[in-house]
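Chemist: If you look up Swiss-Prot, you'll see 492-499, 539-543, 593-596 marked as GTP binding site, on the strength of sequence analysis. Annotated compositional bias 'Basic and acidic residues' per Swiss-Prot: 75-94, 292-313, in sequence order. The compositional bias 'Low complexity' annotation in Swiss-Prot covers 185-210, 218-235, 315-338. Annotation source Swiss-Prot lists compositional bias 'Basic residues' at 339-348. Marked as domain 'tr-type G' by Swiss-Prot: 483-653. Look at Swiss-Prot and you will find 75-105, 127-148, 185-258, 277-394 tagged as region 'Disordered'. Annotated region 'G1' per Swiss-Prot: 492-499, in sequence order. Annotation source Swiss-Prot lists region 'G2' at 517-521. According to Swiss-Prot, the feature region 'G3' maps to 539-542, an assignment based on similarity to another entry. For 593-596, the entry in Swiss-Prot reads region 'G4'.
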Amino acid sequence: MALEDMEKKYRISDIARELQVSPQEVLLFVKQEGGRVASTSSMVGEEIHGLIFGHFSVEKKMVDETKKIRAEKEKRLSRLEEQSRKTYEKEQHLSETLSPPAPPLVVVHEPKKEVIVAAPIENIPEPPSKPLEIPVAETPASEEPDAPPAVTELIEQPVVIEQQPLAPVSDAPVPPVIIELPVPSEVPESQVLPESRVLPESQVLSESPLLPEPPVLSEPQEQQELPELPELPEIPALPEPAPKKEEPSVNEHLVSFDAPQMMGGLTVLGTLDMQAGRHKKNRKKNFQEQADALKDEFEPKPAEESRVEEKVVVAKKPPVKAAADVKPKPVVADSSSSAKKKGKKKKKPAVDDKVISANIQKTISGIDDRSSTGSRQKFRKMRRNEREREHEEDEAFREAQRLVVRVTEYASPHELAELMGITAKDIIQKCFALGKFVTINQRLDKESIELIALEFGFEAEFISEVEATAVIVTEDAEADMQTRPPVVTIMGHVDHGKTSLLDYIRNSKVVAGESGGITQHIGAYEVTVEGDRKITFLDTPGHEAFTAMRARGAQVTDIVILVVAADDSVMPQTIEAINHAKAAGVPIVVALNKIDKVEANPEKIKTQLSEAGVLVEEWGGVYQCQEISAKKGIGIAELMEKVLTEAEMRELRGNYSREVPASGIIVESELDKGKGVISTVLVQRGILKVGDPFVAGNTMGKVRALMDERGKRIPFANPSQPVRVLGFEDLPQSGDALTVMVTDREARDLAQKRQVIRREHDFRRSTRVKLDSIARQIKEGLMKELSVIIKADTDGSIQALADGLMKIQNEEVKVQIIHQGVGQITETDVLLAAASDAIIIGFRVRPNVNAKKLAEKEDLDVRFYSVIYHVLEDVEKALEGMLSPELHEESLGSLEIRQIFKVPKIGNVGGCYMLEGKMFRDSKVRLLRDGVQIYEGQLAALKRFKDDVKEVDAGYECGMSLKNYDDIKVGDIVEAYKIVEKKRKL
């Protein structure tokens, strides 16, 4: 399998989902990078995948951080869920086993014999493998208690805590597992058992259910249960729930202990209330500490486990043979009834999955009122940390914005110091330290500005000279705002009837004045409809070369009328106009033109528009549509009504105050021989009056005259009104903003500042381009260039020509625009063309008499055009002629060597037979042996019957020899061919 087949593919939509960005944004980026993709479902390779992740690195980082935070949150929630589940299980287990505390363990001492009452051990977590057996002697119930049969247990090392006198309870913690009870000296021997014995658990536990072994008490205040001491001796008199045969004897022995005899040495160290202790801990500890405390409380400690194991071992000792008739009885023999009760109790508090799920959900959501204080505090702390982190991020962003310096590309140290709030001396010293020797007014390049700003802790953001010197605009007062006419731009493909529609609306003949019947200028017109309502129309060119003009028209407009010919289809320029309108965020009104023609098909146009993202209202969309005929005037009134309705919905308003400085956009500019520079301006704010000083781009001026589109002089211009302005000192560029200043000096200073920055930028850029071009030509070989000088009637035409010519290029040839300007061709243009070996292109302009004579003298190529199509076609042909031709091989014929002749001083000569074609004396040949090329070169001689010939046709015999090659054999094939040059296309 090829490597390309093994390459992993990725779907664009999956990549966008992983980066959490729009699939359309990823698709647009892939197309910009040259990827051949059709939709978001297309697949891309590893290289494009890496480029996408490199471009969206910030989004990728945010996604990774989000995943990390989400993983930590899920881990924390799962831990809380586990703790909640364990806590619930512990509480259920506690409700099964917890009961009022059992009486403490009693140990009776005498000089040689001891009595040990062991605490119940049945519920210890590790149960014994065998039931504990205690031998008990059977005696009749009528026998006196002074001589009981011996119920003995062999105790090798009895577990007894050191004897203590009866005293007030001390504050020191005492293990409550075994409590000592000193025996008073006046106890009669009849009351003392002959040997130590263990009370059966059925007697001890008949009153209360079993309890787990209580832990060591650590709080002295829980020892307040001491008044229960006198009730302990009543334990032997407890009734039996279900006695058996051997139980009466044990009961009689228990009756022999009297209360007055046990009062002397009984010490009660305290009782443990598990329920109260748990509530207190819940109030003091947080969720995690509560879970740990419950775990320690219900699991036996290592010391207690060893002690329990020791008791179990003691209980398993075999009995003494003195009582042979004693039946071994397990300790839990009488626990059948209690076991039944336990079984019933276990069924009652069964674990409910619904309760557990509810507790888990409450814990996760943090709204459980019964949750521990620690969990609520933890939740509040988490929220507080999140707010602090967001606040820190906002502060960091604001701090970063404060550390950003907005500066032009070639700023002086003085200007840079003012922006950073330091002195110019500091910047000059830093430049010296970096090895750059500058003065206070010297211009710094882009790299130096970035490096200096970084040294002082700032980040440089470069802006244009217009942005750097932008005029601060005051906020409009509500009292000055009035309804203004809408600005409507007519867009569409070439020859679809845009200007014809405007002709019918204006009742004029604009098309008749355009070369070739196509619009090559952007025109602005004001039309009055329905009485006194006004609409400003902008007519844009539909040819592909005028993309910049259409973009400018969409930026200053309020509504776009999209004209589509009903007898044609949706063309590329139609799609481009839709994209311009959507990018500018303006509504679209569709006008289906040429509806009067027989071949008109409006439904097909609507279908194609819906595929382009424009769904008309008739089909459930939001875009209004009107079928019209610009020639016959069908549907024009309805179209204007829809335009005015759209304008009313947008509530267009403008500032009509005379006190506010006026501002507008330059739509088009041209150079008139008698009037000078004339620019078409669309006023956007305020009222433009005659005599106002203004600045527009890098030039300034003073309004000398205002004229409407028909050449009539007017005293002022209101918002949304197009007007032709006279009074510019230099030719402004289309799209520049015109701003009225207070005085002429302010306008001049601002324009000069912009001109200085622009001159420095142009000078540095031209020098750098020349050096780069030299390095590129050395590295890649000489690149052919076609140098041209463009002179046109308007600035918009120059921009369209320049954009169109710059697109006609490839890796070998390109167009180099030496100079471009507005106005007629002069002697200066001719001299520049002669010095740079360039071609002069005049678009709707002619040279003066002196320039024409000078061009003939210098033998320069000066071409004149009126239609932009012809300019682009001729330049493209010229560039194709400059391309290196493609070389193709053309076969002429072949012959077979059938005999070899050895000629002295010449070498081997082949006697050949011409198989096909022709063999020429000067042809290039190759020698083939068994289909393998052996030699490639030329013929040394070609003869027929010892006569030199120029060519031999097929079917004839001839003799031939090869130049500088003598190893020919019978059966070799000689092919003749020639190299043909073919013209290349761009």
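Don't overthink the numbers, they just go from 1 along the chain as shown.
Quick reminder: no glycine exception, Cβ is built from N, Cα and C everywhere.
Relative to the rest of the structure, where do these features sit?
Modeler: D495 (GTP binding site) falls outside any helix or strand according to DSSP and counts as coil.
Summarised as a single figure, the pLDDT of the region 'G3' (539-542) averages 66.
Within the region 'G4' (593-596), the DSSP-based counts of helix, strand and coil residues read 0 helix, 1 strand, 3 coil.
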Chemist: Looking only at DSSP and grouping its letters into three states, which state does T540 (GTP binding site) belong to?
Modeler: coil
Chemist: State the count of C-beta atoms found within 10 angstroms of the C-beta of I595 (GTP binding site), not counting that atom itself.
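Modeler: Summing over all protein chains shown, I595 (GTP binding site) has 20 other Cβ atoms within 10 Å.
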